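Colleague: Below are the features listed in TrEMBL for this protein:
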- B:Asp413, B:Thr415, B:Asp817, B:Asp821: Mg(2+) binding site (BINDING)
- B:Asp413, B:Lys414, B:Thr415, B:Glu508, B:Phe550, B:Lys573, B:Arg604, B:Thr684, B:Gly685, B:Asp686, B:Arg790, B:Lys796, B:Asn820, B:Asp821: ATP binding site (BINDING)
- B:41-95: domain 'P-type ATPase N-terminal' (DOMAIN)
- B:128-273: domain 'P-type ATPase A' (DOMAIN)
- B:843-1095: domain 'P-type ATPase C-terminal' (DOMAIN)
- B:294-317: transmembrane segment (TRANSMEM)
- B:348-367: transmembrane segment (TRANSMEM)
- B:907-927: transmembrane segment (TRANSMEM)
- B:957-979: transmembrane segment (TRANSMEM)
- B:991-1013: transmembrane segment (TRANSMEM)
- B:1025-1049: transmembrane segment (TRANSMEM)
- B:1055-1080: transmembrane segment (TRANSMEM)
Amino acid sequence: MMASSYSAKDEDGHITVSGPGGAALRNKKPENTAFKQQRLPAWQPILTAGTVLPAFFIIGLIFIPIGIGLYVTSNNIKEFEIDYTGDDVSSPCYNCAENFSWNSTKFCTCTIPFQLDQPYESNVFMYYGLSNFYQNHRRYVKSRDDSQLNGNMESLKYPSKECEPYAHSDNKPIAPCGAIANSMFNDTLELVYNDPNGTNVSISLVSTGIAWWTDKHVKFRNPGGSNANLSAVFQGTAKPVNWRRPVYELDADPENNGFINEDFIVWMRTAALPTFRKLYRIIQKKNNMAPTLPRGNYTLKVVYSILKATDLNSVIWMGKSAVSRIRFKFFQVR
Amino acid sequence: DGCSSLRLVLLECVGEENWVDSRTVYIGHKEPPPGAEAYIPQRYPDNRIVSSKYTFWNFIPKNLFEQFRRIANFYFLVIFLVQLIIDTPTSPVTSGLPLFFVITVTAIKQGYEDWLRHKADCSINECPVDVVQQGKVVRTQSHKLRVGDIVVVREDETFPCDLILLSSSRPDGTCYVTTTSLDGESSHKTYYAIPDTMAFRTEQEVDSLHATIECEQPQPDLYKFVGRINIYKDKEEPVARPLGAENLLLRGATLKNTQHIYAVAVYTGMETKMALNYQSKSQKRSAVEKSMNAFLIVYLCILISKAVINTVLKYAWQWSPDRDEPWYNHRTENERQRHVVIRAFTDFLAFMVLFNYIIPVSMYVTVEMQKFLGSYFISWDEEMFDEELGEGAQVNTSDLNEELGQVEYVFTDKTGTLTENNMEFIECCVDGNVYIPHAICNGQILSAASSIDMIDASPGGYRRDLFFRALCLCHTVQVKEEETVDGIKRGIHQGRPTSFYISSSPDEVALVEGMKRLGYTYLRLKDNYMEILNKDDEIERFELLHVLNFDSVRRRMSVIVKSSSGDYLLFCKGADSSIFPRVVSGKVEQVKARVEQNAVEGLRTLCVAYRRLSESEYEEACHHLMEAKLALQDREQRLAQAYDIIERNFVLLGATAVEDRLQEKAADTIESLHKAGMKVWVLTGDKMETAAATCYASKLFRRSTQILELTKKRTEEQNLHDVLFELNRTVLRQRSISGLSVDCLDFGLIIDGATLSAVLKPNQEGAGHGNYREIFLEICRNCSAVLCCRMAPLQKAQIVKLIKASKEHPITLAIGDGANDVSMILEAHVGIGIMGKEGRQAARNSDYAIPKFKHLKKMLLVHGHYYYIRIAELVQYFFYKNVCFIFPQFLYQFFCGFSQQPLYDTAYLTLYNISFTSLPILLYSLVEQHVSMETLRREPSLYRDIAKNSLLRWPVFLYWTCLGVFDAVVFFFGAYFLFDNTTFTSNGQMFGNWTFGTLIFTVLVFTVTLKLALDTHHWTWINHFVIWGSLLFYVIFSLLWGGIIWPFLNYQRMYYVFMQMLSSGPAWLSIILLITVSLLPDVIKKVLCRAMCPTATERAQVRCWHQLHLRLEVQIVLFLKLGCSCFSFSDF
């Protein structure tokens, strides 16, 4: 489109040499068509107070029920948020955060008791949230290899150079490569209901269905197809340096292991803003009678082990100045 | 000037024979006899016409060079190179792809056109031409012609190169030619063979000719040629004959009514006048283009400051190392080692690349396209088509379409522009006795007999008969015997198919026809003898010796004839001012009185005088003329001197009066232009009285107009200084009074050429008097109409220049029909040519050509108005939509650590300007009509609404930009808060940054398109199709783009993003909400402005709207009533 007219004018004044015989006298009477005479039938609205005010009124009327609907819905949403960053002395995770030793292989676990005043009736979504974590940094966003994640064997061996400096480790290609994968969130959160009768009931957290269906089934694929032996397929690749386990040991369930691990997929969808939430687990409603999470006391167990930084030269990521706060959130949509 | 004077000096040194810029052509390539002249073989190009621009080899480099000279392409190229060199946020594809596309398509198109040109060139260059060689006619190809070849051209053939006519098949050595393809004039022109060679009949004879032609080097003026031919006859001194434009047959012209001619080639190939004439004219730039460039500079500053701000902020923010390089996001070793200055500069460039879309590069493309396509509406306009002429308006440049809506000063020629240039002989006055030919009765001209009675009844005698003979002889009219001639017929006699007169000057035809009605019929020019049928039906023969052609400086023409009794007579006719000073006897007083009286009535007057030459006087005159005509240098000047010497000591015979009727609707047009706030100036070479009468008739001056005179007559009484100051005082006083009263008196100024040059002359008396120029301009500014009479062509241009340069820099328009208007047409911002009877020069040099003056009204008030509002919206909208586009990206940098992360996907970045938002605005700018054509024509005052570039002034620009920024802020922070607080999907899944960008982009595309929809007043099906179509296209494209894993992409970030977004209810709601909020302020502003202070245009819109509704209501009521009555009838 751009080009077609672009130089049309240029040619306008150019030499047009008429051959012998000369130009025939032309009858140039223009055609009397509505288009050429600029007389196409047209609707000619004008914005006057008389026309706009009723329109405003109607649009307002339409918006009112929408607004009411939204208001009611949002009132039904219950949220409960626990900050377990551990930068405060009173916080149960303070010790974990303070004493976290970079080269320790031991997990640090902290337990946070909390109380729900209201029961959560339907499905409950558990989110983790981070602040000041620039998942949308350009260097970070592009530091991935979609073709590797799609199961391409070639890219498994030779990761894209966009993954640098997270492409190779010990001369072996990293799978999954890139900064995003390397910094994957893998705190383990457990939820225990302290029944008033004294027993502690562990609440089952569902870890599937947290990623987009299309991501899990189309965009992310394990190399070598769905039935392959993952540890064999990933032979010759290195795990991301910050990870404790290789990618094929993320989950025992073969449908949720390797690149199609949903926690991994969720993490790989980079957040738009530096403060963000990601879906962690879903607590499904069991039967129609009991609430999913009844009123009462709970304990959140955090295995504070993840995000192990092996590069000791790097900055302390949980230092006082730039904090990546980890929040934990309950969220329920009716 | 310095150059030419140097050349003159050189010439004199070398001697007159060796002209530096002349060429010698050896006819038939025969060397001149030894000793006559040194034979200097000169090299000329062959007759190959090369209209193609490229050859096979240079096509790619040359075409690329040409294309990258355009600012848009060059900008793209720079951005593309930056993207290639450094690590930028957007891939080089975003600018490389459009660039490649544009360049390739343009190159293919130009290549194809060039190929066509090559083909056309080939067919022209290879077309057969007959050449005389060794006394035989040899057929050869056109491109093999060389300078000096003798060519045979047959009837209806086109001349293959510029030729000097040697002989023709017509016995009188003339041939007829049409130059339609050269200058559009379809009349037959007569060309003359050299008298010494015109007798040649056969090839052998022609081949025996031994002569050289000396002529100037090729130059593009079609109507000028100087040269001379030296004919060698055995052992004699060569005979030299002058050659002029009347001997030169131009390439491209066609031979008519002549069986064949012999002619010699003087200019060939690319040196022919036709080829030289197709060089492009200097470009005029419109006011819109200027403000567009100003806006662009502002945006460039914004772009650079944005990049600078972000770079600075980035480094300020990154001061703490855990932000610069947090543990999860390391640099590569290479990047780390780069120096910080280089890194900062790279970052700056990266920001520039990221924000580069704020410069609406595609605007240039769209504007060009809009102008090019839009100009078709002018040539398509049926109302501007003239049946009689068979032609409609013609657009020579589409660059100035919108300038037609900005005109403040209209400079118009009088004759042929305001008036018909269809002359009718009214009366003549000989020695104070008035003769009036019988008027037209029942549309039939009465036979000559009845008018003769009248002449006989009046006293007269020798003088009277001499007067009539003078008018029959002193002209350049041709007689056409054929009944039908191609093109326009002039002076057709109804019912008399035998002959009619043809001339380039309608006055002459009118005079000769008038004479015919008074009993003296000019029959023909045959063998240099002019034949007249006198009132006693006897044929008188006069030998035509010399014609001293008319020119607009001398303002007269003469002929020298030899009567059958052997007397040498010089007849001269011309403007009274140029005749009276040269008259020595005759009844000057009576004639003068009559002339003035006629002029007041608006008639065109000419005076006729004669002089009897003695044999010796004639010889002397001949000598003067020949000398001047043979000169190759300054021939014009020498001729003028010779004419001046010959044309003196006249005896006054009398005067004629010819009426030139006003063009139809001229008065209406001028009135409309006045109402539209334009100042109309009439610039004419006519006398003051004649011109003033025309001005009154055309309503330029009304009864109420107070006329201020600034004429020679007045400045002779008072000095110029006092007159100027007095007029200025009058004007100022009036203005201070009229400041209170609404209905003020308007002023009209009449100024003549002599006074004007006095006013414009730089003041020598020092600074004491101030500058007359300023005072004059001040007076003019307060006059609604100005009449400048007795103007030389150059003075017309001077006036235009003066007004153009005055401190308001108004937009000027010049309109004229004749060659004398060309300078002013070229000078004015917009030049309009009338396809008149005085040739096509004005139309050819103009920017737009129209058949009649009345078409100016529609041209300015309707087309100009439309084009202006269309392009103004186009320009503002482009800046607006790019602000909306890029500003969210700028804001996003604050939330992504100034890392140049693009908000939108590459495809969106690339296609936003190319396809998602381009067509609606293009089509809007082609078909928008904010008020109907009828309204614009009915209410010329609406034109004032857009005067002074009102839609592209800084406040308006600021409004649009602010609106863009507001919308961008709404998009970004709307999406920001939604992402911050809401879960979008019912299954709890989250969206990432690409969804964020896509949401903003969707809102953006819809808002920007709907904003245009809000601005559209004229919804044709095209608008509907394009606006809804482009939204639909966006949706379909996004579905497709996100629906497939694209194998050629190394990232799949958009996979299913759009569909996931659409599957979320809150996303839908937020899209609707954000669009509504973004559009709201503009709607409110529109409504408020309309309610509080509506412009005239808006009032007109409302009026139209009400009328329409009223009509609808009436129809409905009528329909209902009809229905009722039907019912009642059926009941009955």
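For all residues, glycine too, the Cβ spot is worked out from N, Cα and C.
Neighbours and distances for these, please.
Modeller: Counting only same-chain residues six or more apart in sequence, the Cβ atoms lying under 8 angstroms from the Cβ of B:Asp413 (Mg(2+) binding site) belong to B:Val682, B:Leu683, B:Thr684, B:Lys796, B:Ile815, B:Gly816, B:Asp817, B:Gly818, B:Asn820, B:Asp821, B:Met824. The DSSP secondary structure for B:Asp413 (Mg(2+) binding site) is strand.
Around the Cβ of B:Arg790 (ATP binding site), the number of neighbouring Cβ atoms within 10 Å comes to 22. Mapped onto three states, the DSSP output places B:Arg790 (ATP binding site) in coil.
Over the domain 'P-type ATPase A' (B:128-273) the predicted model carries a mean pLDDT of 83.
Residues 323, 344, 347-348, 351-352, 355-356, 358-360, 875, 879, 882, 890, 893-894, 897-899, 952, 957 of the same chain lie 6+ residues outside the transmembrane segment (B:294-317) yet bring a C-beta within less than 8 angstroms of a C-beta in it.
For the transmembrane segment (B:348-367), the list of distant contacts is 70-72, 75-76, 79, 82-83, 86-90, 95, 102, 292, 296, 299-300, 302-304, 306-308, 310-311, 871, 874-875, 878-879, 881-883, 885-886, 889-890, 893, 900, 902, 909, 912-914, 918, 921-922, 925: same-chain residues at least six beyond its ends, Cβ to Cβ under 8 Å.
Sequence-distant neighbours of the transmembrane segment (B:991-1013) (same chain, 6+ residues past either end, Cβ-Cβ under 8 Å): 877, 880-881, 884-885, 888, 901-905, 908, 912, 916-917, 920-921, 924, 967, 971-972, 974-975, 978-979, 984-985, 1027, 1030-1031, 1034, 1038, 1053-1054, 1057-1058, 1060-1061, 1064, 1067, 1070-1071, 1074-1075, 1078-1079, 1082.
Under 8 Å from some Cβ of the transmembrane segment (B:1025-1049) lie the Cβ atoms of residues 905, 907, 911, 915-917, 919-920, 923, 998, 1002, 1005-1006, 1009, 1012-1013, 1016, 1055-1059, all in the same chain and six or more residues away from its ends.
With a threshold of 8 Å between CB atoms, the same-chain residues lying at least 6 positions outside the transmembrane segment (B:1055-1080) that come near it are 966-967, 970-971, 974-975, 978, 982, 984-986, 991-992, 994-995, 998-999, 1002-1003, 1006-1007, 1010-1011, 1014, 1038-1039, 1041-1043, 1045.
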Colleague: Could you say whether, by DSSP, B:Asn820 (ATP binding site) belongs to a helix, a strand or a coil region?
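Modeller: The three-state answer is helix.
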Colleague: Out of B:Phe550, B:Gly685, B:Arg790, give those binding-site residues positioned within 10 angstroms of B:Thr415 (Mg(2+) binding site), comparing C-alpha atoms, in sequence order.
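Modeller: Candidates kept after distance check: B:Gly685.
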Colleague: For B:Phe550 (ATP binding site), which of the three DSSP-derived states applies: helix, strand, or coil?
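Modeller: In the DSSP reduction, B:Phe550 (ATP binding site) maps to strand.
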Colleague: Taking the Cβ of B:Gly685 (ATP binding site) as centre, how many other Cβ atoms lie within 10 Å?
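Modeller: Summing over all protein chains shown, B:Gly685 (ATP binding site) has 22 other Cβ atoms within 10 Å.
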Colleague: Taking helix as H, G and I and strand as E and B in DSSP, count the residues of the domain 'P-type ATPase N-terminal' (B:41-95) in helix, strand and coil.
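Modeller: Looking at the domain 'P-type ATPase N-terminal' (B:41-95) with DSSP, the answer is 28 helix, 0 strand, 27 coil.
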Colleague: DSSP three-state call for B:Gly685 (ATP binding site): helix, strand or coil?
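Modeller: Once the DSSP labels are grouped into three classes, B:Gly685 (ATP binding site) ends up as coil.
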Colleague: Taking DSSP states H, G and I as helix and E and B as strand, how many residues of the domain 'P-type ATPase A' (B:128-273) are helix, strand and coil?
Modeller: 19 helix, 68 strand, 59 coil
Colleague: What count of other C-beta atoms do you get within 10 angstroms of the C-beta of B:Asp821 (Mg(2+) binding site), across all chains shown?
Modeller: 32
